[in-house]
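First the structure, in the form of structure tokens, and then the observations on it.
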Amino acid sequence: MKQSVKAPAKINLSLDVLHKRPDGYHEVDMIMTTVDLADRIDLTLREDGLISVDVSEGFVPNDEKNLAYQAAALLKARYHVNEGVSIYITKRIPVAAGLAGGSSDAAATLRGLNDLWQLGLSLDELAVLGAEIGSDVSFCVYGGTARATGRGEIIERIASPPPCWVILAKPPIGVSTADVYKRLNVSAIDHPTTEHMIAAIEGKDFDGICHHLHNVLESVTLDLYPEVRNIKEQMKRFGADGVLMSGSGPTVFGLVSKESRVQRIYNGLRGFCHQVYAVRIIGSAGS
């Protein structure tokens, strides 16, 4: 038996970091939404009880370090599943980009194996399991649009933003999330009012959403990596309505309301950035 599952990327419309917790994680308050740039997870049952992972992208681990492998191993051990699974990941989401590609692969594996192994778990139960794998996995189990608090595992699903285009641009650099958080001084930065973003989303106020885009991690990443700052500036110059870095970077996204501007922005960015994508916000979960 086989199962194919999409694993969409996410962007942060708002990302606030409140403080470092005693357990070493940071307390966050984020608004995330999924876009229609997605990896594909192909799951094939195997009778020998083993788990294997193959990936189309050479830079992604294909062993126990892979989050999809960890998701399968967790489900198999927790629910005493005898069967194994072969996992093939077709990567479309850029790697180490701030778009939760690995977390989304893990979440898609949880959802797909829940069906394939006939476990009958709810999304809420899968999200709790996802939190054991990584902070973004719980959100990715649901997809759609949500507020994430705690270390990212407490999910409150909210309405979807109005339909719009999203331009994604990833410079050819890697960003250490741990280093960004280590350098972040939460007492010396401006913090977003997350409720304002929620109100704009629920009111389908595109201009309000663009106005309230805020990511406190930009205060670190833009100084460490001038390439990210340059992409933000160029995206604004080419005509994006709202521009923000996603996660800890280095990917920058631009929200665009008019399709007539999308190609111009895309072409302009492709002049100096190889990984550029024109996608749409998916909308509600399950779309």
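Here the Cβ of each residue, glycine as well, is placed from N, Cα and C on the backbone.
The feature active site is assigned by Swiss-Prot to LYS10, ASP136, with sequence analysis given as support. As annotated by Swiss-Prot, ATP binding site applies to PRO94, VAL95, ALA96, ALA97, GLY98, LEU99, ALA100, GLY101, GLY102, SER103, SER104.
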Candidates PRO94, GLY98: member of the binding-site residues with the richest Cβ shell (10 Å): GLY98
Residues flanking the ATP site, with Cβ no more than 8 Å from the Cβ centroid of PRO94, VAL95, ALA96, ALA97, GLY98, LEU99, ALA100, GLY101, GLY102, SER103, SER104 and excluding those residues themselves: ALA9, ILE93, GLY247
Count of other CB atoms lying within 10 Å of the CB belonging to ASP136 (active site): 28
Close binding-site residues near LYS10 (active site), where close means Cα within 10 Å, chosen from ALA96, GLY98, GLY102: GLY98
Residue among recorded positions LYS10, ALA96, ALA100, GLY102 with least C-beta crowding, 10 angstrom cut-off: ALA96
Cα separation, ASP136 (active site) to SER104 (ATP binding site) (Å, whole number): 8
Structural state of SER104 (ATP binding site), classified by DSSP into three states: helix
Number of other Cβ atoms within 10 Å of the Cβ of SER104 (ATP binding site) across all protein chains: 29
Binding-site residues near ASP136 (active site) (Cα-Cα within 10 Å), from PRO94, ALA96, ALA100, GLY102: ALA100, GLY102
